[in-house]
Amino acid sequence: MGCAMSAEERAALARSKQIEKNLKEDGLQAAKDIKLLLLGAGESGKSTIVKQMKIIHESGFTAEDFKQYRPVVYSNTIQSLVAILRAMPNLGISFCNNERETDAKMVFDVIQRMEDTEPFSEELLAAMKRLWADSGVQECFGRSNEYQLNDSAKYFLDDLDRLGAKDYQPTEQDILRTRVKTTGIVEVHFSFKNLNFKLFDVGGQRSERKKWIHCFEDVTAIIFCVAMSEYDQVLHEDETTNRMQESLKLFDSICNNKWFTDTSIILFLNKKDLFEEKIKKSPLTICFPEYAGAQEYGEAAAYIQAQFEAKNKSTTKEIYCHMTCATDTNNIQFVFDAVTDVIIANNLRGCGLY
């Protein structure tokens, strides 16, 4: 006797196959929509990563962007010099030449008049160059871990002639080096490897953290940024707390959060270039008194990585770690390519498609 299906059964089977097909398509679509959350303490390089995504995966900066960053470069440069000048008496450092007092007054006056976003006058530019060349100012700069100073200070102050030119226009690297405190949430959309990325950058300072909470839903992966070079520095918001210890505490709370049980965690140990320079002269024991290794990049970097990985209490969750230099476009392009491959594999696995 035959097993012919009734019209109803055929329709039910067709519906079932269509539902299966739809579910698979939905799964594939879900695997294509990637939501990334950039986390990390203040000044760990998150905003620079966002800028790099614009360069690498969008069309880069617009003419309007270049124009808007010009006053930011002026301000970052003069504010960095002022931070050094203000730190000098606190550290008991004097100018090599007393005439620099007059130059310093000119710089302070510009800040007081809130003209730090204006192009440098010839007199101001000359004063800034004399100050930056002063051995007392250089000595104070060499102790910048003892006060708050932008990472980009040397980059800009070493290039005062270019920045002070009448026809100065910021370069891509200038924009990457600028520092503007992130408040609220910055969102960037781009496509890469047939995936649709939404990248969220949230303010890293303590006062901003409460705003992260509603970004957490449906996150595919977290990129957690740590400034490796800040092992001997304290927080802006609390000058008794070591910056790297704060990052470790924050990483612990994110990595082991019940909301992120199934979320890939990617650790960017950032500012490797600054760390490589600093580790030669500033001991890692400032942050990790128990460290007994060499004061050299490879061993010290591996130790820092191990400290972060040790915070992971899960036996199933893997931490994907990369040493990065957020201002180096080639480095970030290479790292993000590797990160994307991990996300694709994990995401397809999560959808039962891998």
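Placement of Cβ uses the backbone N, Cα and C atoms for every residue, glycine included.
Among the features that Swiss-Prot reports, GTP binding site is placed at 40-47, 176-182, 201-205, 270-273, A326, with the record citing similarity to another entry. Within 10 Å of the C-beta of S47 (Mg(2+) binding site) there are 22 other C-beta atoms, taking all protein chains into account.
Reduced to three states, the DSSP call for S47 (Mg(2+) binding site) is helix. The annotation Mg(2+) binding site is assigned in Swiss-Prot to S47, T182.
According to Swiss-Prot, the domain 'G-alpha' annotation covers 32-354.
Sequence annotations record features per position, and here Swiss-Prot assigns N-myristoyl glycine to G2 based on sequence analysis.
Look at Swiss-Prot and you will find C3 tagged as S-palmitoyl cysteine, backed by sequence analysis.
Per Swiss-Prot, the feature region 'G1 motif' maps to 35-48; the stated evidence is sequence analysis. Confidence for the region 'G1 motif' (35-48), expressed as mean pLDDT, is 91.
Here the region 'G2 motif' (174-182) has long-range neighbours at 42-43, 46-48, 51-52, 55, 61, 65-66, 69, 72-73, 76, 150-152, 155-156, 201-205, 208, 326-327, 329, meaning same-chain residues at least 6 beyond its ends whose C-beta is under 8 angstroms from one of its own. Summarising the annotation, Swiss-Prot assigns region 'G2 motif' to 174-182.
The annotation region 'G3 motif' is assigned in Swiss-Prot to 197-206 on the grounds of sequence analysis.
If you look up Swiss-Prot, you'll see 266-273 marked as region 'G4 motif', on the strength of sequence analysis. DSSP states for the region 'G4 motif' (266-273), grouped as helix (H, G, I), strand (E, B) and coil, give 2 helix, 5 strand, 1 coil.
The feature region 'G5 motif' is assigned by Swiss-Prot to 324-329, with sequence analysis given as support. Summarised by DSSP class, the composition of the region 'G5 motif' (324-329) is 1 helix, 0 strand, 5 coil.
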CA pair S44 (GTP binding site) / T182 (Mg(2+) binding site), Å rounded to integer, equals 12
Its Cβ having more other Cβ atoms within 10 Å than any other among the binding-site residues T182, N270, the winner is N270
Students should find that the Cα atoms of S47 (Mg(2+) binding site) and V180 (GTP binding site) sit apart, in Å rounded to an integer, by 9
Least surrounded, by Cβ count within 10 Å, of the binding-site residues V202, A326 is V202
Looking only at the binding-site residues G40, L176, N270, T182 (Mg(2+) binding site) has its closest CA neighbour at G40
For G40 (GTP binding site), the number of neighbouring Cβ atoms whose distance to its own Cβ is within 10 Å equals 25
Within 10 A of the CB of S44 (GTP binding site), the number of other CB atoms across every chain shown is 26
